[in-house]
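**Q** Mind looking over this structure? Questions follow.
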């Protein structure tokens with residue numbers, strides 16, 4: 001059995017497919033229930049009840065939504081660029097799933113344990129802007145184009161700050177492997193020594209996923225629904241899944257970079273009874289709760305304020321922090337060449 | 001076997017999309033084909049075992065440079081007829097440059113010879129058991145640090161040039177002074193007026209307006225009401241009615 005999976009061609013392909021399914025199936029169920037969680041949390045904050053009709057506590061609501069979405073009519077605008085119009089949602093969805101290949105759920109539990117895992121994530125997140133841009137341009141509509149332009153400008157601006165935050169974490173760890181990054185936090189999770197970076201990274205994640213208060217790309221009061229204004233049916237559904245998939249992905253990245261990934265908060269008995277993947281899930285859920293909380297608590301930013309925050313506040317600050325971290329490590333000799341914290 | 005098949009798949013798509021960049025009529029399509037070409041080139045890097053370069057190519061060229069490019073191309077008016085207007089005028093010049101380039105390429109190609117020891121030379125910088133991120137880093141930051149800094153300087157100069165070219169005072173700019181916006185309080189800027197029934201606000205100036213101090217927010221040299229501007233609505237209304 002072991003020989004078949006590890007040493008034959010067919011076996012290894014089956015093994016890879018199984019690994020991918022083991023990531024994607026829980027992820028898609030998670031995405032479905034994230035919509036339910038979001039509606040419930042928003043409802044609780046607004047003193048409403050939220051979905052409570054379909055199934056107990058409205059638990060079957062995501063499936064009802066999915067069925068509704070699938071049976072809607074697919075509408076293609078008359079002058080849309082058909083190829084790009086359909087490539088865009090597929091690209092967006094598959095990129096948001098592709099990134100999960102490198103996320104480790106436990107020590108060594110990743111589909112691909114890349115040496116440059118964190119750079120791979122950066123590359124994926126920067127390429128996923130194309131989904132937005134193609135959707136905006138391909139649907140040949142002013143609202144969509146404006147939404148796409150805003151989204152692209154915003155994501156590029158905040159990627160710089162994110163890149164620098166990641167650089168400062170990499171300085172401490174001395175490796176770009178996500179597994180190593182988590183293991184380097186055995187003694188102290190990075191959100192303590194790097195607290196400002198943690199906050200900046202969280203805010204940049206909000207901007208990167210186009211979530212409120214930075215949801216200019218879909219600003220419904222100005223742009224109807226922004227870049228996916230012309231989409232219906234499952235094409236819209238794919239954008240929706242991609243957005244929530246990206247939210248979970250960003251939460252996972254925050255957990256891995258700053259909250260110690262699968263590590264328990266203290267290395268003592270009651271905590272170590274809970275296996276690693278559950279710790280990661282708990283941390284992801286906490287981050288997701290913050291995402292939803294922010295959505296209901298803050299009004300939408302103004303566009304020029306968003307750009308100012310990204311370029312004039314975050315970028316210089318994170319750059320200074322990278323220099324500071326490097327200087328501190330040189331001066332004290334802590335963590336140089338991978339012997340972190 | 002597998003890498004060879006992959007190589008040909010990537011290489012063929014790369015070349016085809018490179019050709020499409022040149023011949024496609026729609027500039028957005030051209031830019032997108034270029035992105036496809038980058039992705040396939042990064043596939044080739046991956047086959048060669050240069051995973052760091054592969055990821056960098058996607059993150060920087062596909063993920064940043066080309067997006068800025070697309071940004072401009074998408075918002076540009078691309079009228080092919082207008083673009084072709086100057087064609088005859090520029091054709092001879094373009095042709096001359098093309099000939100010079102072709103001749104140069106031919107000269108280079110004739111004198112080209114591949115060093116027989118190229119395989120060893122290429123392997124030199126990579127130490128054993130060293131990931132290629134580290135190998136590249138130590139190579140660039142120790143052996144080629146000055147060239148690297150020079151490249152950075154060139155880019156910096158180009159960036160400053162671009163900023164200088166676009167940074168100019170436009171009368172229609174509305175600049176924000178964030179500090180002043182934060183200092184502002186509601187009672188400084190808004191005025192509550194009680195209006196009699198069926199009378200409207202005509203004798204109050206015709207409209208509910210922000211307080212005078214609000215005008216202080218508009219910056220010098222920028223569009224919008226200046227400090228001390230009088231906003232006399234009755235004059236404007238008369239003008240509008242006359243024009244009708």
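Each Cβ is built from the backbone N, Cα and C atoms, and glycine gets one as well.
Straight from TrEMBL, here's the annotation block:
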TRANSMEM  A:12-33  transmembrane segment
TRANSMEM  A:83-103  transmembrane segment
TRANSMEM  A:109-135  transmembrane segment
TRANSMEM  A:156-176  transmembrane segment
TRANSMEM  A:188-207  transmembrane segment
TRANSMEM  A:244-264  transmembrane segment
TRANSMEM  A:276-294  transmembrane segment
TRANSMEM  A:314-337  transmembrane segment
**Q** Are the transmembrane segment (A:314-337) and the transmembrane segment (A:244-264) close enough that 3 or more Cβ pairs fall under 8 Å, when only pairs 6 or more apart in sequence count?
**A** no
**Q** Among A:12-33, A:83-103, A:109-135, A:188-207, A:276-294, which stretch has the most Cβ pairs under 8 Å to the transmembrane segment (A:314-337)?
**A** A:188-207
**Q** Cβ pairs under 8 Å only, please: of the recorded stretches A:12-33, A:109-135, A:188-207, which one is richest in them relative to the transmembrane segment (A:83-103)?
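**A** The stretch with the most contacts is A:109-135.
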**Q** Where else in the chain does the transmembrane segment (A:12-33) make close Cβ contacts, counting only residues six or more beyond its ends and a cut-off under 8 Å?
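**A** Result: 5-6, 62-63, 66, 97, 100-101, 103, 111, 241, 244-245, 248.
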